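Colleague: Questions regarding the structure given below will be posed in turn.
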Amino acid sequence: MVLPLAAAFTPYDASHVGALVVLVVGAVVLVVVGRRLRGRDPADRLGRAMAVAMLATTLPLQVLYFTPDYWNVQKTLPIQLCDLASFVSAYALWTHRRWAVGLTYYWGLTLTTQAILTPDLDSAFPDPIFLLFWGMHVGTVWAAIYLVWGRGVTPDWRTFRVAVLATAGWAAAVFTLNVLAGTNYGFLNRKPSAASALDLLGPWPWYVLLEIAIIVAAWALATWPWVRGGGGAG
């Protein structure tokens, strides 16, 4: 018997809404548990278990993207910021290094969340790509929330600067790759063919510059609550 092909992913269908519910419920649980573990578990065994879980979803996803059924040079190279955020978040969960927590916070809560709300995903539940995609993206956001609100490893102006410089370096490298390979990762070289919010920001390169300004302003606002009164580090 030939099995029917799996349906394509549909935004905000039952599986998408279910993933969002899991994200919210899990985030609340991780904040509560993380706060209770402060001072009791300096090795952060839960964080290290989460780091292993992150790699257990991220690495197989990247391997699958290189197989013939899924490979597409235009979409599946592991160079999107969401890909990098997932690896950085695993390192942050394991080490609590502040720069890594900062990148997880800024990239995870402002960029990975966009991929969660408006996913660029073709595979529907229960395709392995679907499961690993949501595991990676939800896990990155959980890592940011657990580390910052749960464990109390908060960002400051130094981590803000690291995030801005790291993102600028990524943009320069990916822009160059796009030119050489004819790709368009990050939509840095042209807008997506379908209508998007980038249409509100004008033509290239102005929409890229405005997008950068908006992101930097949003990250500054996301830093300010943690440093007000104390001035922050750096």
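Backbone N, Cα and C atoms are what each Cβ position is placed from, and that goes for glycine too.
From TrEMBL, here are the annotated features:
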TRANSMEM  14-34  transmembrane segment
TRANSMEM  46-65  transmembrane segment
TRANSMEM  77-94  transmembrane segment
TRANSMEM  99-117  transmembrane segment
TRANSMEM  129-150  transmembrane segment
TRANSMEM  162-186  transmembrane segment
TRANSMEM  206-227  transmembrane segment
Colleague: Report, as numbers and ranges, which residues of the same chain sit near the transmembrane segment (99-117): CB under 8 Å and 6 or more residues beyond its ends.
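Modeller: Here the qualifying positions are 19-20, 23, 81-82, 84-85, 88-89, 91-92, 137-138, 140-141, 143-145, 147-148, 153, 155-156, 158-160, 162-163, 166-167, 215, 218-219, 222.
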Colleague: Looking at the stretches 46-65, 77-94, 129-150, 162-186, which one shares the most CB pairs under 8 Å with the transmembrane segment (14-34)?
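Modeller: Highest pair count goes to 129-150.
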Colleague: Which range out of 46-65, 129-150, 162-186 gives the transmembrane segment (77-94) the most CB pairs under 8 Å?
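Modeller: The stretch I would name here is 46-65.
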Colleague: Which residues, given as numbers and ranges, are at least 6 beyond the ends of the transmembrane segment (46-65) yet have a Cβ under 8 Å from it?
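Modeller: Distal contacts: 33-34, 37, 71, 76-78, 83, 86-87, 89-91, 93-94, 96, 128-129, 132-133, 135-136, 139-140, 142-143, 146-147, 151.
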Colleague: Going along the chain, which residues at least six beyond the ends of the transmembrane segment (129-150) come within the CB cut-off of under 8 Å?
Modeller: 9, 15, 19, 22-23, 26-27, 30-35, 37, 46-47, 50, 53-54, 56-58, 60-61, 64-65, 70, 82, 85-86, 89-90, 92-93, 96, 101, 104-105, 107-109, 112-113, 115-116, 119, 121-123
